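The structure appears right after this line, and notes come after that.
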């Protein structure tokens, strides 16, 4: 499958797989410098737009190295890019550390995973089938 990528800025970097076994395509900051203060969130530009085939979405996910080394992660993870969106891909980053973080142009800021989407038919129901769990959630099955 091919992913069409349009550079919206000449200096934008095309996403790529860092290794042959990588699931996600690395996305890059196109801005000269982005400063993120502690607990601040910012919208970071990639300078690219994509065209996904119908039946697929792109999920924007954090990079583990950025989270571990700088305390920065993708806020709405995973972010969803629908197949009919043609605007610039931007990434919402949040600095969870107690120090100011600088993201430089060309730095990898997130990864993009292309996944199939299943469409369902929504049917209103008066009752749902019983299960052992029922409405238990938020740790109801135990912590250990």
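Just so it is clear, glycine is given a Cβ too, placed from its N, Cα and C backbone atoms.
Summarising the annotation, Swiss-Prot assigns substrate binding site to 63, 64, 65, 76, 80, 81, 82, 90. Contacts of residue 65 (substrate binding site) defined by a Cβ separation under 8 A and a same-chain sequence distance of 6+ are given as none.
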Span of the substrate site, taken as the largest CA to CA distance across 63, 64, 65, 76, 80, 81, 82, 90 (Å, rounded to a whole number): 26
